[in-house]
């Protein structure tokens, strides 16, 4: 059998991809931008940032040039649609018919994690597609096309300009291949892929090392805030983000070994029958548990296993396969409700969904908080200085309509600290950390706190507002105290 035809994949998966894209586009303007999206809009152009590589910021800035908030989410929608095509490519790569590919496409398009990162443009939006592509290319290499590993290295290297986490996936895949396909790692394709990865990823890795690994400080702060208990949520979150109805399908995908596929038994194919995806996913999960990390990180390693698991389900689990559309439909209903901004922000449903999915909460209510900040600032030229990069981004985005120019916002949080101190000696400090530095000014007065609205994005409700003047010794002396790395 030859290389799977891209045109064939598009024909099978296009309906699911287009339906997903239409739903995401239709809901892209509800609630508002997520705190991270507001942050990306505010960041200056740069080739690296303290807390992340630049690709998502670049794409956010480009997409946001039109002004409309929904335009900023177009890259996430396109990435999600591409992910649907890659989901169909998995079973096609292993020789499964169009009916299996179609189910894999629809299942992916209506699963929690792809919908979540397809609706909000985060670094995970591009990262998911990168992981899918890298895993598929490795599977192609296992099938007797070692040159695919060169492309896998190149894709992973480019992905490092979006999120360095893909290096963990690469490490997991290398260990899995060493255990199951050691000869494959000695091929020219594998060595070329390693060189491509080193060349493309090198600048971002070097930048982090040169500056003392500021990203690790952000992750460590996350653990410090939420405690080690987040590690206990890693496996449950994987199951939730994949979809509980799909556990049997996921298990079959993780159990896949090269000898289970007809394509991998042909001359030139490699393999000892070890379940490559299971080994790689287990190692990524182990990394997430042992090191400071977000508990959802391993999900992208499991989704390709879900896609190829539909092939095994069609062949060996007739009871599940017969109910496939019922299972997909049931998972879709829950996923759409949890991931998309469908419920009014004043409703009980919104509060319940936000408790399960904080991303919903973190999109709503920003304009109201900016209005509260604008009141004590009045018509002065005071610069708003916030603890939170998200709130700073919100003030920069919504502030101009509330009388706060975009250049009258500053924050010492993460990459925003590099933009420098305020240009005015009069400031409005917002947040516990900033207000705690009031002793660094000649005069300060409390002017209120942020009252909770219908939503509490990033937990900003209750933040103190302090009006201060004349930083002692000037901003060059005071500003370093405002700078910090954290979640």
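The backbone N, Cα and C atoms fix where each Cβ goes, glycine too.
Counting residues 6+ beyond its ends, the transmembrane segment (12-33) has Cβ neighbours under 8 Å at 41, 68-70, 72-74, 76-78, 80-82, 84-85, 87-89, 92, 98, 101-102, 105-106, 108-110, 114-115, 118-119, 336, 340-342, 345, 360, 363-367, 397 in the same chain. The transmembrane segment annotation in TrEMBL covers 12-33 (among others).
Per TrEMBL, domain 'Glycosyltransferase RgtA/B/C/D-like' is recorded for 51-200.
According to TrEMBL, the feature transmembrane segment maps to 74-94 (among others).
Residues annotated as transmembrane segment in TrEMBL: 115-139 (among others).
The annotation transmembrane segment is assigned in TrEMBL to 151-178 (among others).
The transmembrane segment annotation in TrEMBL covers 190-210 (among others).
Residues annotated as transmembrane segment in TrEMBL: 230-251 (among others). Long-range contacts of the transmembrane segment (230-251) within the same chain: residues 107, 111-113, 116, 222-223, 285, 288-289, 295-296, 298-299, 302-303, 305-306, 309-310, 312-313, 317, 320, 327, 330-331, 334-335, each at least 6 residues beyond the stretch ends and with a Cβ under 8 Å from a Cβ of the stretch.
Taking Cβ pairs closer than 8 Å, the transmembrane segment (272-290) reaches residues 135, 138-139, 142, 168-169, 171-173, 175-177, 179-181, 231, 234-235, 238, 253-260, 297-298, 301-302, 304-305, 308 in its own chain, all 6 or more past its ends. Marked as transmembrane segment by TrEMBL: 272-290 (among others).
According to TrEMBL, the transmembrane segment annotation covers 296-313 (among others). Beyond the ends of the transmembrane segment (296-313), by six or more residues, the same chain brings 86-88, 90-91, 93-94, 96, 100, 103-104, 107-108, 111, 113-114, 124, 127-128, 131-132, 135-136, 139, 165, 168-169, 172, 234, 237-238, 241-242, 246, 248-256, 260, 277-278, 280-281, 284-285, 287-288, 320-321, 324 to within a C-beta distance below 8 angstroms of the stretch.
Under 8 Å from some Cβ of the transmembrane segment (325-343) lie the Cβ atoms of residues 23-24, 27, 30-31, 103, 106-107, 110-112, 115-116, 119, 243-246, 349-350, 353, 356-357, 359-360, 363-364, all in the same chain and six or more residues away from its ends. Per TrEMBL, transmembrane segment is recorded for 325-343 (among others).
When the domain 'Glycosyltransferase RgtA/B/C/D-like' (51-200) is classified with DSSP, helix, strand and coil residues number 123 helix, 1 strand, 26 coil. Here the domain 'Glycosyltransferase RgtA/B/C/D-like' (51-200) has a mean pLDDT of 96 out of 100.
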